[in-house]
């Protein structure tokens, strides 16, 4: 893709997201979603082959269906309230339709089937954009409509998403699919807290984006797409491989890493609201996520593949790419736990 075209496409993606985030009018939000969706499809198809074509088609069909459902919900709401304002949702059916549309856009269960398939079919760079930037717009709308959302529906979706995110990743050897299932689980945690403390959802989203960006950037250094290629990285980049493994444990929510903060805070907030069973179930199902990350760490770090001695010297001569953004991203993705007392300002 030529640089001017790429710049225009990226600018359109950003503009679409910004329109959604800054609008309080349903029509503008819908236009922002459409701009964002149509601009991201060429990014997904950057490396043109049947796999990317299939992934882009799946993405388009899902997002178009979600946009249609959203507009349907908006129209029903308009019929009953006579207003296009986001905060005024007076009809329960409209609220449910909007929630379902946004869960489809986010890839929450039971509308999650497109996420692993699309992520697996595209390049690492496109996957990184899909699992980070593309979550911001739907989450911002969910944040705005959170007072009108059906609590039981969203808690059910959140619980099932955390379960599916953990269960789906258990048998995977493809790193992109593992990241996709991890994304489903993280979105589930965010959906669970959004009604009770929307500000905490933003904290969770920021930490999730930081951890996912760092992990994808490290995968891109060596074009690692499978657990086997990750274990081969020990010979080329021993330090980077060990950082990837720490980041993965952070994504799994292992204390004392940054990924533990949102889980801890969400469980605390839900129990404050007299909810005991749901946070308990979510904490138990989160162990599935941690298990497959631990298994990946074990298979990569502790079971070394046979290699010749000259291979072990390879890292000294390897010309590494420039990684200016990586050090601050890695630090924030792993070492933020001591700053947790500062979160008291959220209350």
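Glycine is treated like the rest: Cβ placed from N, Cα and C.
Within the set 274-294, 295-315, the record from Swiss-Prot flags 274-294 under the feature transmembrane segment. Of the candidate ranges 96-116, 201-221, 274-294, 323-343, 274-294 contributes the most Cβ pairs within a distance under 8 Å of the transmembrane segment (149-169). At the 8 Å Cβ cutoff, the transmembrane segment (201-221) and the transmembrane segment (3-23) share fewer than 3 close pairs (sequence separation 6 or more) and do not count as touching. Within the chain, the transmembrane segment (3-23) has long-range Cβ neighbours (under 8 A, six or more residues past its boundaries) at 29, 31-40, 42-43, 86, 129, 133, 136-137, 140-141.
Same-chain residues lying 6+ beyond the ends of the transmembrane segment (122-142) with a Cβ under 8 Å from its Cβ atoms: 13, 16-17, 20-21, 29, 32-33, 36, 40, 43-44, 46-47, 51-52, 55-56, 59, 86, 99, 102, 105-106, 149, 176, 179-180, 183, 187, 190-191, 194, 201, 205, 208-209, 212-213, 216-217, 219-220, 223, 225. Contact check: the transmembrane segment (274-294) against the transmembrane segment (178-198) gives at least three Cβ pairs closer than 8 Å, residues 6 or more apart, which meets the contact criterion.
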